[in-house]
Amino acid sequence: MARLPAGIRFIVSFSRDQWYRAFIFILTFLLYASFHLSRKPISIVKGELHKYCAPGKKDGVRVNGQSQTAGGVPTHQLPDNETDCGWAPFDQDNYQQLLGALDYSFLCAYAVGMYLSGIIGERLPIRYYLTFGMLASGTFTALFGLGYFYNIHSFSFYVVTQIINGLVQTTGWPSVVTCLSNWFGKGRRGLIMGVWNSHTSVGNILGSLIAGYWVSTCWGLSFIVPGAIVAAMGVVCFLFLIEHPKDIACSPTLVAHSKSYENGTHRFRLQRPAVPDEKLLDPETQCLLLSDGKRPIRQNHVVLLPAADSGSSMAAISFTGALKIPGVVEFSLCLLFAKLVSYTFLFWLPLYITNVDHLDAQEAGELSTLFDVGGIFGESLAAGSAAVEPSLRDPGRGRLRPPGEEGLHLRADAAAGRAHGMLLLSGALVSGPYALITTAVSADLGTHKSLKGNAHALATVTAIIDGTGSVGAALGPLLAGLISPSGWNNVFYMLMLADACALLFLIRLIHKELSCPGSATADQVPFKEH
């Protein structure tokens with residue numbers, strides 16, 4: 001018999017469960033990356049909504065569609081619905097407050113909606129709930145861009161669009177987190193979540209590049225194209241998302257095994273040596289037989305644990321019940337200040353580059369992607385290693401230290417750096433602790449004894465943590481819009497103060513850990529989003 005090609009051997013070396021898990025990992029990564037892709041255009045377009053006006057340019061007269069200076073030299077062609085200094089009403093001197101109000105409208109609605117989203121989401125099918133959110137988000141993202149083509153200059157139109165978009169985007173994070181945790185066991189979820197959490201920076205990079213491509217020529221498309229992408233991913237979600245492994249007769253977890261054997265097609269793992277005359281079954285067959293219940297498997301052949309859906313019979317956890325879980329309040333408040341810093345960079349970095357370096361909106365958007373490239377390393381490497389690296393655990397106790405401590409010390413200094421070479425480092429130091437707070441803690445959610453295996457608690461606790469963090473996300477861009485007219489230095493001082501406040505809540509956890517060795521913090525809760 002001819003030897004199988006290397007590619008085929010690679011394919012069959014993985015079990016059916018492993019392929020499904022890889023598919024869910026990639027699918028949920030792309031779904032939530034598309035949410036962040038649709039949030040980025042507003043930060044790129046800010047430099048176009050209010051352009052830099054040279055002295056006396058506001059007094060220029062329009063002749064045959066062209067703007068002229070006092071010397072009568074034509075400068076550039078302007079559309080009929082655009083002024084010399086940008087797009088009304090953002091062409092006024094208070095443009096920073098108006099742009100900050102747009103950010104606040106979106107993020108405040110997101111924060112309020114997040115508290116409700118987890119409670120609603122755990123009572124509805126994830127696939128339908130997420131599909132609705134993505135289709136609605138794509139619609140309202142595109143609607144913002146239609147204001148360019150329909151010559152809309154009403155500030156209330158853009159505010160209402162941002163509010164509704166913020167509300168429907170809250171369907172994303174609790175849904176993808178719940179789905180991902182259904183498929184991956186607690187043993188390696190820290191590393192998996194660390195890598196998976198880089199969707200934030202990947203989505204931001206793609207959003208910056210897509211929005212930047214049209215921002216200088218037709219900024220309406222900077223919203224319409226990302227909106228179409230999110231809506232298309234909503235259709236993909238409806239067609240392909242599998243909420244739970246039990247839906248396709250697969251095991252929810254894979255156990256660690258001491259020894260493995262291969263028969264050329266499937267890989268078998270035994271907990272202890274099998275009797276010679278026993279016939280081993282491949283994982284797919286075992287999974288189907290276990291779910292069918294007609295043919296039990298001998299216990300010394302345990303390869304995949306049966307799906308013990310203990311959480312299905314438990315009532316959903318209440319809001320106050322989730323708050324009583326040790327560490328939820330501390331991590332929520334810490335995330336509030338961490339998100340304040342992260343989202344200020346997310347929404348204001350391109351405009352800051354435009355004002356300081358006098359670049360156009362497209363160049364500023366492309367340059368700002370360096371911050372997100374650094375964020376990929378900060379999120380994936382730091383979060384993954386913190387969840388699995390023994391040196392990051394408390395000696396002798398095996399518990400995770402409160403995450404983000406080192407980065408919060410350093411990133412305040414990096415935040416004040418203005419050189420382009422600091423963007424990568426700033427991105428890593430801002431996004432790293434932000435990801436640690438949300439992934440390392442969330443990876444241990446199901447282990448807390450107070451939950452007693454209640455799987456329904458995940459969406460509620462996730463919503464509380466991210467909802468509280470989103471309050472800070474709303475305040476950061478709003479404060480940046482109010483403070484920036486007095487100088488960008490003051491904005492960075494505000495960010496450093498927020499970092500210090502986040503660190504204070506971590507210090508409280510450290511003190512609690514050192515003074516009460518029996519009160520572990522590693523098995524304490526939740527997830528973030530993004």
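Positions of Cβ are set from backbone N, Cα and C atoms, glycine also.
What TrEMBL says about this one:
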TRANSMEM  20-37  transmembrane segment
DOMAIN    27-514  domain 'Major facilitator superfamily (MFS) profile'
TRANSMEM  98-116  transmembrane segment
TRANSMEM  128-150  transmembrane segment
TRANSMEM  196-215  transmembrane segment
TRANSMEM  221-242  transmembrane segment
TRANSMEM  333-353  transmembrane segment
TRANSMEM  423-445  transmembrane segment
TRANSMEM  457-479  transmembrane segment
TRANSMEM  491-510  transmembrane segment
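Taking every recorded stretch in 98-116, 128-150, 196-215, 333-353, 491-510 and counting its Cβ pairs under 8 Å to the transmembrane segment (20-37), the highest total belongs to 196-215. Per-stretch counts of Cβ pairs under 8 Å to the transmembrane segment (98-116) identify 333-353 as the leading one among 128-150, 196-215, 221-242, 333-353, 491-510. Touching of the transmembrane segment (128-150) and the transmembrane segment (491-510) is ruled out by the presence of fewer than three CB pairs under 8 A, sequence neighbours closer than 6 excluded.
Here the listed stretches are 196-215, 221-242, 491-510, and the one with the most C-beta pairs under 8 angstroms to the transmembrane segment (333-353) is 491-510.
Along the domain 'Major facilitator superfamily (MFS) profile' (27-514), the predicted structure has mean pLDDT 73.
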